[in-house]
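Asks: Per TrEMBL, domain 'Major facilitator superfamily (MFS) profile' is recorded for 24-507. According to TrEMBL, the feature transmembrane segment maps to 22-49, 69-88, 100-119, 164-190, 213-232, 350-370, 377-397, 403-427, 439-463, 483-502.
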Amino acid sequence: MAGGQLGVLNALDVAKTQWYHFTAIVIAGMGFFTDAYDLFCISLVTKLLGRLYYTDIRNPKPGVLPPNVQAAVTGVALCGTLAGQLFFGWLGDKLGRKRVYGLTLMLMVLCSIASGLSFGDTPKGVMATLCFFRFWLDFGIGGDYPLSATIMSEYANKKTRGSFIAAVFAMQGFGIMAGGIVALIVSSAYDHKYDLPSYKDNPAGSKVDSLDYVWRIILMFGAVPAALTYYWRMKMPETARYTALVAKNAKQAASDMSKVLQVEVEAEEDKLQHMVESENQKYGLFSKEFAKRHGLHLVGTTVTWFLLDIAFYSQNLFQKDIFTAIGWIPPAQDMNAIHEVYRIARAQTLIALCSTVPGYWFTVAFIDIIGRFAIQLMGFFFMTVFMFALAIPYNHWKNHNNIGFVVMYSFTFFFSNFGPNATTFVVPAEIFPARLRSTCHGISAAAGKAGAIVGAFGFLYAAQSTNPNKVDHGYPTGIGVKNSLIVLGVINFFGMVFTLLVPESKGKSLEELSGENEDDGAEAIEMAGSARTVPV
């Protein structure tokens, strides 16, 4: 075995791919399926909420959410996720991955259901209830990021670890697609029952009171996949790396992994005692030793995730506005309320099916072949290229080739997912010490959500037309979609630059990457502190 590595950890590193690997992917992946469904299904129903609660039939256009309400609906979700990533990431290192894992899932189930309820039937009461429960829903979702990544990395073997962690994250694509499919089914059922006129033809008749159930059903469905996996999450044993290196219980770690791997594993308590007593294993997150070993790594993982999510969430949360701007979705007044839900859901589902899902699984297939660094650098590069390709001839795309715009726009999603959207999730779960792994992943993910907040709010206002007569009601003029896309292209370019700080982790054990093999001495410390990105 490598250097001073414990036998139980070496057994995990060299284990052949077994059924428990795929079981772990399903258990952790269903959490991410639910995360993506809950995070992105709100974009399917915000237009409907505006029609139901803020329409004045004397106006030529149907109602939309006022800027402060739209900001609240978007902001509480992202702030809740950010807070959850920091809190549960820290808690996962303090109490254990498994114990905290069940808590986050239960919070997601309860708040998914509650987000479809409301205190009263006034706009203020409905939106206040929605924002309150979506904050706590996304607080639980935030915890799923560091915990799912850490659990999968600590269970996987080193040969296929990247693919397994990426496969968990890839379930996001199916979650986004599922949100669109559920919305399509619900809207089609209501459209079949009610033959409603467009808003232009009959403002009062373009919606009926029972459409209030549409957005509630779509949001509450997110509780179903989360509830289905709760039992299996509770049956998973704690990871051997947490049990041995953090809880310092080599006997329990060996016992748990003997059952999982179906081989006899020696406890090696004396070796563990020697490892955990080493001065090399006592430094904390805010120590000079951590800064020396992993400071640049943490800067790299946080900044790249921050920059990625500015672009990614700008595109995802407000793609309906982009599709409207290029004419792929008709003007709101030319549709009734249920047709608008259907059109938005169809657009999101097609983008997910044609670019988001394939992009994730390309990463799964190639991450352990060409490495994390190469995929992330390539992804940022092509995202930059396609953003500029969309932005510079934007008027041509808008006026003469709408389908071409959608195809090019899809490529940006493909290379964000076959690129940094997956790798920024994978790498922080591999390169930090076990006692700080969940915390550092949570910090990196929270930086991403801070970027999402910047992107969501920035794009919401920036993408407004420069023409005062064409802006959404209640918004000031912006810089327009074209200039917004140029800004996103520049942000993607800087993502390439900061990728140079992120180390390549392909083919190495977690202890080798973090320097936790105390017997490896100065060589391990030097390797752990290196900012080198290309393996030698």
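Just so you know, glycine gets a Cβ as well, placed from its N, Cα and C.
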Asks: Give the nonlocal contacts of the transmembrane segment (22-49) in its own chain as ranges (CB under 8 Å, at least six residues past its ends).
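Replies: 64-65, 70, 73-74, 77, 81, 104-105, 108, 112, 126-127, 134, 137-138, 141, 144-145, 148, 151-152, 155-156, 164, 167-176, 178-180, 182-183, 211, 214-215, 218-219, 221-222, 225-226, 228-229, 232-233, 236, 316-320, 332, 337, 340-341, 344-345, 348.
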Asks: Same chain, outside the transmembrane segment (483-502) by at least 6, Cβ under 8 Å from its Cβ: which residues?
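Replies: Answer is 296-297, 299-301, 303-304, 307-308, 310-311, 314-315, 372-373, 376-377, 380-381, 383-384, 387-388, 390-392, 394, 420, 423, 427, 455, 459, 462-463, 531, 533.
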Asks: In the predicted model, what is the mean pLDDT computed over the domain 'Major facilitator superfamily (MFS) profile' (24-507)?
Replies: 86
Asks: Out of 69-88, 164-190, 350-370, 403-427, what stretch is closest in contact terms to the transmembrane segment (439-463), meaning most Cβ pairs under 8 angstroms?
Replies: 69-88
Asks: Applying the under-8 angstroms CB criterion, which one of 69-88, 100-119, 164-190 scores highest with the transmembrane segment (213-232)?
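Replies: Comparing 69-88, 100-119, 164-190 against the transmembrane segment (213-232), the winner is 100-119.
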Asks: Which bits of the chain, at least 6 residues beyond where the transmembrane segment (350-370) starts or stops, bring a Cβ under 8 A of a Cβ in it?
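Replies: Sequence-distant neighbours of the transmembrane segment (350-370): 159-163, 166-167, 169-170, 172-174, 176-177, 180, 319, 406, 409-411, 413-419, 421-423, 426, 506-507.
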Asks: Which stretch, 100-119, 164-190, 403-427, tops the Cβ pairs under 8 Å count with the transmembrane segment (69-88)?
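Replies: By the under-8 Å Cβ criterion, the transmembrane segment (69-88) pairs most with 100-119.
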Asks: Could you give the residue numbers and ranges of same-chain residues that sit at least 6 residues beyond the transmembrane segment (403-427) on either side and whose C-beta is under 8 angstroms from one of its C-beta atoms?
Replies: 145, 149, 153, 162, 165-166, 169-170, 173, 301, 304-305, 308, 311-312, 315, 319, 322-323, 326, 328, 351, 354-356, 358-360, 362-364, 366-367, 372, 375-376, 378-380, 382-383, 386-387, 389-390, 397, 444-445, 448, 495, 499, 502-503, 505
